[in-house]
Amino acid sequence: MDTFGSCHQGLSGPSPKDPGSTVLNSGPAGAPSVSHMDVQGYKTVRWKVWLCHLGAVCSVGLLLVLFNWRPRLGVLAKCTSCPIPMADTLLLRDSHGQQFVIEVQTEETEQGSIDHARGELEDDEWRDDVHLHEEQKTLLRYYVFEGMRYVWMPRKGAFCKVSILNEGWTCADLHCLQRGLTRLDQSSRRQIFGDNIIDVPVKSCLRLLVEEVLNPFYMFQVFSIILWMSDKYYYYAVCIFIISFISITVSLYEIRKQSTTLHSMAQLMVNVTVRRASGEEELVSSVELVPGDCVIVPSEGLLMPCDAALLAGECMVNESMLTGESVPVMKTPLPDNKERYSPEAQRRHTLFCGTQVIQAKGGHSSGNGAVVVVTRTGFFTAKGDLVSSILYPQPVNFRFYQDAMKFLIFLGCMATLGTIYSIVMLYRSNTTWPELVIRSLDIVTIVVPPALPAALTTGTLYAQRRLKKRGVFCISPPRINVCGKISLFCFDKTGTLTEEGLDVWGVKCVSGTRFDELIPDPRLLPPGPMVMALASCHSVALLGDQAIGDPLELKMIESTGWELEELTNETGVISEFGSYRILMVMRPPAAEFQPTGIFISQPVAIVRRFPFSSTLQRMSVVTVGPGGDSPHIFLKGAPEMVASHCLQESVPPQFSNTLIEFVSEGFRVLALAYKEMDAQTDLRSITRAEVEKDLLFLGLLVMKNQVKPESAEVIGDLRRAQIRPVMVTGDNILTALNVAQSCRMLLPHEQVIFVHASPPAANSMASLQFQQRDGRDATINTQETMDILEQGLYQNSLKYHLAINGKSFAALCDHFPEYLPKVLMRGTIYARMSPDQKTELVRGLQKLNYRVGMCGDGANDCGALRAADVGVSLSEAEASVASPFTSKSDNISCVPLLIREGRCSLVTSFSLFKYMALYSLIQFASVLILYTVKTNLSDLQFLFFDLAMVTVLAIVMGRGGPSDELHPRRPPCQPIGSACSVLFGSTHHSVDPQPGGCSPYHNLTGMVHSSKFHRARLTQSAKYGGHKRVCCVRVTVHHHVYSSNKRIPLQETTFPQCCVCTCAAGPVWGYDLAGAIP
């Protein structure tokens, strides 16, 4: 999956041995893309194709089945290797080793169509024009892989994502496109970019049936059923046929239902108004949109069918479908500068596909609506990327699945040896050839149980059903088993560990060079810039009579008593405020509602907004008073960030101490600043850099953020289960520290050490320091300090935690990478972290072999939620695609539930795998021994073993549900180690190598006699963390063996030890190889 790159480009051209082989490189210097795909080119040879058709007929279709399982073999059989420019078939291999066969398509295009698609943008060296193969016609050579179109670029010698044609756009380029495209430009671009549609294929039932039946698992079942029918083993053959039929039917229904649901969710076609270069506006289908189109968003809003940059006006957008965040977001116009446009960097100026524009205003000539320019379409959009991640998920790198496949290969080798032994023994006993073939092949169906793959999924399916009943929805079922191995869980703070809403605690104003006393009620503030800043520095909007926006800003406005006024003038111009186009008017409360001695009468009009950004950690507004006079700039944000943009003399000397005092007590603190502007300043064209400099510090807004009552209990459960909790937040480090102590993430007796790292400056080198909470410093050069830190990594006697902020984290990654693992292994508080840094942190922890979980509200955590092994989004949406799991609860109580269900599912799958593998090997050994004495088990005995002892177990084992509490021991996930230990006669099972790992089983003793199973005497019971009542007993069985034909007792055989797994539904029996027949 070319998730990182745009181009499939060679390092040094095709090699002589394999002229079609190409290794993808990172692309030209300066290009933003890096690719990790190997591409080989092939050309179809007609005589080879006819030869393959003949082979398919002669093999009764088996050759086609082989090509379906191994597409690469089909390509090698039908094609010959050739340079990629001449290829009509491509063989792609991604970084996970998965291979894909892609057909290259051609399409006639008009001369110079790519030039039209590029528009009039500057031709950078690496963004060359696509000069297509020109014989007598101009042909566009391209292919579609996972919904994305790749076009051939000769100068690059590569197939590149078609989005590369607009990757280098600057903000100024997009503003130039505001005048619209000509119809010729639009037509040319559509030929290159294709239709703007996220098309999720819904396969027909017949095709799904064929693909399902051609699965190796079902093909093996078909082989087994045919073999059993020829052996007159009708009972089990009919049972397996019925089970397989039901399984295929249910599977087809679920696949078809999911495909239909995803298709309806992904496919979006609406009518939009597009502006043409001639100035006219026309209504077109969103399918026809191409990058560069200028779209008019109506005032009542629009469900966005593409990604687009907002150029004029403001939009209130609901992004819950993508992020899980239910709070609407205010989008503001993209600045007109030479900065390179990036949808992620300019997130506050970008409308993403699939999001709902609730309200648009101030952008169109009529005053209503907004103007946007399309930047990405189809699968290249944010929604397309998320849909693609659902359709084409990366393989789950989980040890259990890897070992399971290896053990199946081992069983296949055992079956081969058994088949050879059977042939020899049956040949010596003068068995007829038909009987010899049937009996020999029957060994394969005994060693490799056909029901094994299906049985392994039962635990996951039961767990998924139970989670859904508890309000936790899963779009990636294989991740449920991964939940059982989670060893570290990251939590966002605001809205996750703490309440979403805040209460205003008070305002700390600046008077001269010192702070005044805390004013608990902002209504008591005297008239002046502070109260104007609190009332106007926000992104809140009115939808009807309802104010919508960030809960913090809503509380801030509510505390002042000021009211928002909806504009009724379509042009946005109100004579009261001069000739300025107004975004919002804030009016003070009526005189009777103002405190005694305070009277504020003049309203404030907002004319420009520069929205809050997690990266910038601030926002600002430009306001005017009545008549358009008294223009002011107001800035609000993180105290440290606001202070850095103020004149030094305006910041009180007690700023740091005052801030530490508040945040240490767990308060959320924002700083405000302002400056007056010259009345002659052009407020419409002023840039953010000019606005946010040389301000005067106003003071601090102190807000109280309460910890959710469930947080402390859940964190305590995780710590007792030896699952390490970590806080990752964008808030102040001391506020995060206070919240961590409140929710028991840090205990009173545990020491906290702050990590301070700084990049090199003009007169200093990069530095790394450790500071204890009491203020004592210890530098990295002090070997004694490092010895203490390293000792704490391996000895639990030293209880300490590390805390680090975003700036130090960036410097640590860039300049002290050798110390990064040590910090990650002891880091508990990560503050002032940007969304990208959260993702980088998760990936860094994964490199240390942690199984990482992430829980957040989805707003700024999307990258981390998707990067984590287990991502949980707290959202009211039933199936947010921001993460594999979505919980409808607004607290973290779903985390222990998810881990317990994961452990239950993993234990169920693990137990079933071991049970069925050992059952098969026991039956395999028994049959070979019986072949040696010239007899075999009867059909009814086989039926009893296969149905009563296997099928029933697979159905009932996962229904017991998880344990009621989390235990320190995590389940094992190494089937090979466990099976091998049993094969060599050991009764012990593999354990989790991480601290707290143990086996879910304990040895028990019991006795069963004379083919009648008596209740075993249990000497010890076990309750395993994650599954109810799982135990193992050792029994001895004396069983009469019957001839398959005469049904008479021939000899009495002592069977090996028997394993009993007791689940909620009752005892189920199976055999163990320990102490086999001498």
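Cβ atoms are placed via backbone N, Cα and C, with glycine included.
Taken from TrEMBL as is:
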type: REGION; residues: 1-32; note: region 'Disordered'
type: DOMAIN; residues: 35-152; note: domain 'P5B-type ATPase N-terminal'
type: TRANSMEM; residues: 47-69; note: transmembrane segment
type: DOMAIN; residues: 171-228; note: domain 'Cation-transporting P-type ATPase N-terminal'
type: TRANSMEM; residues: 235-255; note: transmembrane segment
type: DOMAIN; residues: 272-389; note: domain 'P-type ATPase A'
type: TRANSMEM; residues: 407-427; note: transmembrane segment
type: TRANSMEM; residues: 443-463; note: transmembrane segment
type: TRANSMEM; residues: 912-934; note: transmembrane segment
type: TRANSMEM; residues: 940-960; note: transmembrane segment
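Across the domain 'P-type ATPase A' (272-389), DSSP helix (H, G, I), strand (E, B) and coil residues number 21 helix, 47 strand, 50 coil. Long-range contacts of the transmembrane segment (235-255) within the same chain, counting only residues at least 6 positions beyond its ends with a Cβ under 8 Å from a Cβ of the stretch, are 205, 208-209, 212-213, 218, 221, 224-225, 228-229, 450-451, 454, 939-940, 942-943, 946-947, 951.
As a quick check, the transmembrane segment (407-427) and the transmembrane segment (912-934) clear the bar of 3 or more Cβ pairs under 8 A, pairs 6 or more apart, so the two touch. Against the transmembrane segment (443-463), the recorded stretches 47-69, 912-934, 940-960 differ in Cβ pairs under 8 Å, and the greatest number is found for 912-934. Model confidence over the domain 'Cation-transporting P-type ATPase N-terminal' (171-228) stands at 84, taken as the mean pLDDT rounded to a whole number. The residues of the domain 'Cation-transporting P-type ATPase N-terminal' (171-228), classed with DSSP into helix (H, G, I), strand (E, B) and coil, number 42 helix, 1 strand, 15 coil.
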